[in-house]
């Protein structure tokens, strides 16, 4: 049964144009072709990335955070309470008003104290500023190196300047060593992101991030063993062109360098919109949807690849909406925030009580102005 499924999965009519077989893509006469078995190396490389990331965050990102004066905001901890903790862990982190009143009776706390306890407890579970900075530093470093490497791989190729060259001679197109390593490293990195997503900083687009990582892994994998390598290298380099800008803006935001963060963010927004909403759909997707039909009839692999491209493009439109919202805040003079982030809550009721007694406080000490806070 397994052999039957294997045969159906690798049926040439699924992945290759008519009149072509996998035998046509076997290495011969000094020509090397992409093979599905090449992708096995990406899994151990993904775990190697996780190790390298841990070392980078410990010995590079953490000292860098100190140099940039990335400071943690002191958080008030929720006092131990078995009744409230049980509800928090098993039922909801955001109790409704009826639940608050019920918990007030069970725990012996006032309604205000219960609400304050849940605010503090939620804040305890939020990632620290240092964790966010370390994660952004790691991604910035990879995306910047990947973009430079990707451009080095494709800038001297004819299909970088003429997209019709992407399909010239397809699928009999030999794979270069630079293309091989570019693919293996990119795919390994996205595997590592998928493996670590549960422990990384969770944002409001958590589900969209999972869809993005899975769609990217499928696209890179399929484009490799179906020999869409030329198109794949263009797509990967295009995506990397804006990602490192976003991560650098986050780093400066966590460090409190507001002007630098905002300036980089505006550059990022422009690059993102140009590359993801203009170049990708009107050049690259036009290249993958229209030009191949001049050479061969549409087949399953053609439809599969372009459907996955549409999924990615839909995610880009969603993220562009968030980016435009942030850009509007910047233009109107408001602090630029990551719309995907979960904001830290403040103990408003507690602060009101303390202000009435002692004036404005910050972590128990009087201050002149406590209206400014770091946001992600």
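We count from 1, first residue shown onward.
Just so you know, glycine gets a Cβ as well, placed from its N, Cα and C.
Whatever TrEMBL says is automated annotation, not expert-curated.
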Of the residue ranges 3-20, 21-38, 39-56, the one that TrEMBL records as transmembrane segment: 39-56
Correct range for transmembrane segment (source TrEMBL, candidates 161-179, 180-198, 199-217): 180-198
Range among 264-284, 327-347, 348-368 that TrEMBL annotates as transmembrane segment: 264-284
DSSP residue counts for the domain 'Homeobox' (67-128), split into helix, strand and coil: 36 helix, 0 strand, 26 coil
Segment proximity, the transmembrane segment (304-324) to the transmembrane segment (264-284), 3 or more C-beta pairs under 8 Å: yes
